[in-house]
Amino acid sequence: MFNKVIMVGRLTRNVELKYLPSGSAAATIGLATSRRFKKQDGTLGEEVCFIDARLFGRTAEIANQYLSKGSSVLIEGRLTYESWMDQTGKKNSRHTITADSLQFMDKKSDNPQANSMQDSMTHENFNNAYPTNYNAPSQDPFSQAQSYPQNAYTKENSQAQPSKYQNSVPEINIDEEEIPF
């Protein structure tokens, strides 16, 4: 079966970092994401989704070092189901994301150390601390695209034939201050 989640959201709280008995880092983050839609009566509605994500290994340590409440991130991973009994014997459950990779989405800061870390995380997969039964990809997924044949498409060809849709798409100007979280 295919189980892949890609989510962009903002942290709802600071990173909670712990170390497992094996010495590997494990972190939990809370994400909030929203979707805007038009209701039947024509008014705009908004649906907000809150979900926890689990990070492991170096990814957990980097998240703890550079992220805080309100930071914007992109998480790629898989959906997992957790169930447990509380102290009163009541059964509880929830879905979480077990992250395979993490990308910072905020604007680059004035901190050169954070900038270089953000650049290096864009194409890397930090999943070195998963249990041994998890089959992590052994190579960079972006490098696989180079093995496919490329079409003879050049910039000159694209400019020689103007698209009939070229001027029909309106430009959207979104101010980050207008984002609700």
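Heads up, the Cβ atoms here are built off N, Cα and C, so glycines get one too.
Because the structure is a prediction, the values reported are computed rather than measured.
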Given the ranges 8-13, 20-25, 56-61, 176-181, which one is assigned the annotation motif 'Important for interaction with partner proteins' in Swiss-Prot?
-> 176-181
Averaged pLDDT score, the motif 'Important for interaction with partner proteins' (176-181) = 61
Provide the three-state DSSP residue tally for the domain 'SSB' (1-106): helix first, then strand, then coil.
-> 10 helix, 66 strand, 30 coil
